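Undergrad: As annotated in TrEMBL:
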TRANSMEM  51-70  transmembrane segment
TRANSMEM  76-95  transmembrane segment
TRANSMEM  107-128  transmembrane segment
TRANSMEM  148-171  transmembrane segment
TRANSMEM  183-205  transmembrane segment
TRANSMEM  211-233  transmembrane segment
TRANSMEM  245-264  transmembrane segment
TRANSMEM  318-340  transmembrane segment
Amino acid sequence: MEKETSNSSDVSASHVGRVRNRRRANEVTTDGNKANGQTLLVSDRNKYKSMLIRTYSTVWMIGGFAFLVYMGHLYIWAMVVVIQIFMATELFNLLRKSSEEKQLPGFRLLNWHFFFTAMLFTYGRFLSRELVNTVSSDHLLYKLVSGLIKYQMFICYFLYISGFVWFILTLKKKTYKYQFKQYAWTHMILLTVFAQSSFTVANIFEGMFWFLLPASLIVINDIAAYLFGFFLGRTPLIKLSPKKTWEGFIGASVTTIISAFLLANVMGRFQWFTCPRKDLSTGWLQCDPGPMFKPEHYYLGDWVPHWFPWKDVFLMPVQWHALALGLFASIIAPFGGFFASGFKRAFKIKDFGDSIPGHGGITDRMDCQMVMAVFAYIYHQSFISPHNFSVDAILDQILRNLTYEEQRNLYEQLGEMLGNLCKADKLAACL
């Protein structure tokens, strides 16, 4: 009985002790303030340290990018290829399992086989005209390249089927599931990453303006969103990205749209940016920029107050198109980043890699750029590029579908037709 009484008294005493020691939610001790203060101070220091590292990396990336822009179209294309290889490496490694890889020697090469097959197909379609124009002075090389371009689709299909057969022959009983996951994962990477980013190269050779402006707008939007969110951010924007805020999103949108309108005017003044590149050389460009890049006069008149000093302004028509690019870059393109954030959450990783200090991997920086590149290409083809047949389009079809002898025969027939027209009509152009 005494033991029971003592036990019950101990239990009640300990219970009372727990109740007495329990604090209310609104009670804060001095020690707690010190602890919280130290935590906040450390967090604040880490925040600014992260900002400095991120700024340092950004300055280096912008400087390197500006140097490549100065060097020319071919160097930017090489940069895009390197970026695609880094992105593929980061994404291939996400589902890689060393235990299964040991049982499948050489299986990793299959992923790269499909990758380079896709590269050959995509760039062969985008840059066939530029490649032919580059080798046109060499008769033997011209015939070889023309033949490769004519049968390029068959060559790529044969390479893909070879990879498909290779995959079937490497299937092993205990790794079926892993191998089919890798096969599907590789095709998803090629479709969502490589195919979209390849439109960047098409934009480069249409005129560096159509690559540089969209890419710059994404960079501006990213930096502005970070700065507005860093100093003013209070309201969370989306659960997928807890650090994204409405203040950063709205501030970046306004900054991006204004920057698009102003940057288009600056870039449109340089032929290095506006002229399309029709070969794979690195020489200087000269061309007629066309009406899209020629300033037009606008009289503001009653649209502005009397004290406003600029009643007459000169704007390029391309600046109005730049507003559409800026609107897309500020509102739609960030969803590429949200998609990447959800993707990383699904795989429970913070970043795709660590190749860029303060930013993560290459894929972390290219998520929005891929979405923007596709839109810029489609917008240019839909609203900027002429829809009727052009000399370049006809030449491209000739180079793709006619042999060298057929092209020569066509050239001779055109010469005879023009000669007959000159004799009959005495055209001034023939003189």
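In case you wondered, yes, glycine gets a Cβ from its N, Cα and C as well.
What TrEMBL says about a protein is an automatic prediction, not a curated fact.
Can you walk me through where each of these features ends up in the structure?
TA: Only residues 6 or more beyond the boundaries of the transmembrane segment (148-171), in the same chain, are considered here, and those with a CB under 8 A from a CB of the stretch are 104, 106-107, 110, 113-114, 117, 120-121, 124-125, 128, 131-132, 179, 183, 399-401, 403.
Under 8 Å from some Cβ of the transmembrane segment (183-205) lie the Cβ atoms of residues 73, 76-77, 80, 83-84, 87-88, 91-92, 94-95, 110-111, 114-115, 118-119, 122-123, 126-127, 130, 167, 211, 214-215, 276-278, 363, 366, 369-371, 373-374, 376-377, 380, all in the same chain and six or more residues away from its ends.
Outside the transmembrane segment (211-233) by six or more residues, the chain places 47, 51, 54, 58, 62, 69, 76, 200, 203-204, 243-245, 247-253, 255-256, 259-260, 263-264, 267, 273, 322, 325-326, 329-330, 333-334, 368-369, 372-373, 375-376 with a CB less than 8 A from a CB of the stretch.
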Undergrad: Report, as numbers and ranges, every residue of the chain located at least six residues beyond the transmembrane segment (51-70) whose Cβ falls under 8 Å of a Cβ in that stretch; write 'none' if there are none.
TA: 76, 79, 208, 212, 219, 223, 226, 230, 356-359, 365
Undergrad: Counting only residues 6 or more past its boundaries, what in the same chain has a CB within less than 8 Å of a CB in the transmembrane segment (318-340)?
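TA: Cβ under 8 Å, 6 or more out: 209, 213-214, 217-218, 221, 225, 238, 240-241, 244, 249, 252-254, 256-261, 263-265, 268, 292-293, 352, 363-364, 367-372, 375-376, 379, 383-384.
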Undergrad: By Cβ distance under 8 Å, which residues at least 6 away from the ends of the transmembrane segment (76-95) in the same chain are close to it?
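TA: Cβ under 8 Å, 6 or more out: 65, 68-69, 108, 111-112, 115, 119, 181-182, 185-186, 189, 193-194, 197-198, 200-201, 204, 208, 211, 347, 349, 352-353, 355, 361-363, 366.
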